[in-house]
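Per TrEMBL, the features are:
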type	residues	note
DOMAIN	B:95-287	domain 'ABC transmembrane type-1'
TRANSMEM	B:33-53	transmembrane segment
TRANSMEM	B:94-118	transmembrane segment
TRANSMEM	B:130-154	transmembrane segment
TRANSMEM	B:166-186	transmembrane segment
TRANSMEM	B:207-230	transmembrane segment
TRANSMEM	B:269-287	transmembrane segment
Amino acid sequence: MASLDLVNLEKTYGNGFKAVHGINLSIRDGEFMAFVGPSGCAKSTTLRMIAGLETVTSGEIRIGDRVVNNIVPGERGIAMVFQNYALYPHMKVFNNLAFGLKLARRKKPEIEGGVAATAKLLEIEQLLERLPKQLSGGQAQRVAVGRAIIKKPQVFLFDEPLSNLDAKLRASMRVRLIELHRALKDDGLSSTVAYVTHDQTEAMTMGDRICVMKDGRIMQVDDPVTIYSRPANAFVGGFIGSPEMNIVPATLGGSADAPTLTIAGHTLRYGAALGARIAPGTGKAVQLGIRPQHLQPVGANGDGLPGRVAHVEYMGHEVYLHVAVGGLNLVSVVPGEAFDRSKLRDDRIWLRPAEDLLHLFDSETGQTISLGRA
Amino acid sequence: MSAETATIALPDTADSARANAATRRMEKISSTVRYTILIVVGFIMVYPLLWLIGASFKSNQEIFTNPSFIPFEPTLDGYVEGWKTSTPYNFGQFYWNTFLIVLPKVIGTAISATLVAYGFARFEFPFKRLLFATLIATLLLPNVVTRIPQYLVFRDLGWLDSYLPLWVPSALAGDAFFVFMLIQFLRAIPRDMEEAARIDGANTLQTLIFIVIPMLSPAIVSVCLFQFMWTMNDFLGPLIYISSVAKYPISLALQLSIDATEAFSWNKILAMTVISLAPSLVVFFLAQKHFIRGVATGGTKG
């Protein structure tokens, strides 16, 4: 049973490169926290500092109420699952699982009992006598997870554990890991998880909360719904969601009751509902963020942005329209069965960002200036 | 339609069949030529060894009269007489002496080179770059340059006419080549397993023993084999440091039988040469698989 707290955590490498810029984060006991961000955002470095594989330049890491900065990895009460599994290649699965317990000088019956229970939980009983090279990717992954579980750690650390699996297996392992997390929680075992991934699907589906990182800084920490519907800044808006959110420069005009947005020379009129969401004191130049799903075609008279369909991606259940509006390229997602390109005249189309679903970001800082919809 | 395509296709098929046959013929000729050349060159290379083994079963007189390597009248005289040697000791004594040098040297090298390589490959410490550069420098330094200063050091330590100068430097990771070889091998092994072991609670030494050494074992076997063969063949080292005949290893003992007699009994010398070659050959062939794996797989993980 343990929470995990990062206080002003910083990491500067020997060559002077500052990878982590003062991270403050509190992961609650039993919580599944997904760290996500583009490569080089220091999410793995942060995880490795929690594990004790990287030294901390300044700040504190607390597991439970214990500061673990100077405690060796083996005594921090953590277990880690690596991207490439990192199974000991010369040991059979049994010994891979038992290695940690053997080092802790546990009694033989206890070790055997622990291995048996873990193997049963992960359905790898029939693999115990195999060497890692005789395992498939999914099996090796389960052994790696088993090696973490058997130690009954206070905090689990996952470093992109599913990246080496093929898409199908990844989807099933995702579900398995979530179920496992729930099972551990139900058994009253500690199940605080810090899970690093670059895959937003994993982060969205698995995390109780998501920590979006960029360049060694936390961009937003929230539950998946909030992260998606109320991104704190343009980066989070663009990073989470597929296809990517359209983020284009726009000019804010009109009054609070009847605001207007000018995009690529075309002015769209909105109502008081949008006016109420805009933070007071907002300047004129902003960035409009609109998800392709919320940028829908309207009729020629529907107060939309006039554009031309440049390119169509047919995905089956939906269609991605790449539309040139002035000099901008916008993406709109429409239902597959409702779209028929041959009905468009000269590929002309009008798109309107949905009033209650559009986001406005400060054009300088990228921070959101549209308050969340009620 | 189908008849038409068939008539069109026929000449093509015949053409390609002819072309295939021609290619096969060329391949056969080329491989015959290649293998012939390889076999001839190979035979020329091995001939001295074959002649050595054949001649060791000849009488002293026949060696000079019979150019073929197959003896007319095979005899074991060379072995029987050679084993007795011209000294108060038989050849077994020299074998034992060699063993007393080889064993501590090989074990010492394996342990020390592994420890030093682990340090260089996995840890950061002050002056690491400088020390590593020194290591590489000693690798490039010709051995003869250090012979005299080394001799003086060992003389002052009172180690002359003992085996210590022959194996102690190696047991203290004095062979830069082996250290370098293990470092390169270690660099190719991902660190994740060691990190996993640390998280499992292993300290540095436990990580080395339980994780690193098993993964490094092909390279360590190669180190042992190289050291074994080079030590068996080392002539200069014992010549410089060993002065009493009772302590001579095989390499010196062979030379002894040439010096000691006025009329050389070549059959004895050749017979003993064969005997002294035997351990290296046996060990090499037994461990050939590991040896090649260790030398060749520096790049892939174990």
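Cβ from N, Cα, C; glycine included.
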Determine whether the transmembrane segment (B:94-118) and the transmembrane segment (B:269-287) share at least three Cβ pairs under 8 Å, counting only pairs 6 or more apart in sequence.
no
Sequence-remote partners of the transmembrane segment (B:130-154) [C-beta within less than 8 Å, at least six residues beyond its ends]:
120, 160, 164-165, 169, 176-177, 179-180, 236, 240-241
The transmembrane segment (B:269-287): which same-chain residues, six or more beyond its ends, come within Cβ distance under 8 Å?
52-53, 55-57, 63, 78-79, 82-83, 91, 221, 225, 228-229, 232-233, 250-251, 253-254, 257-258
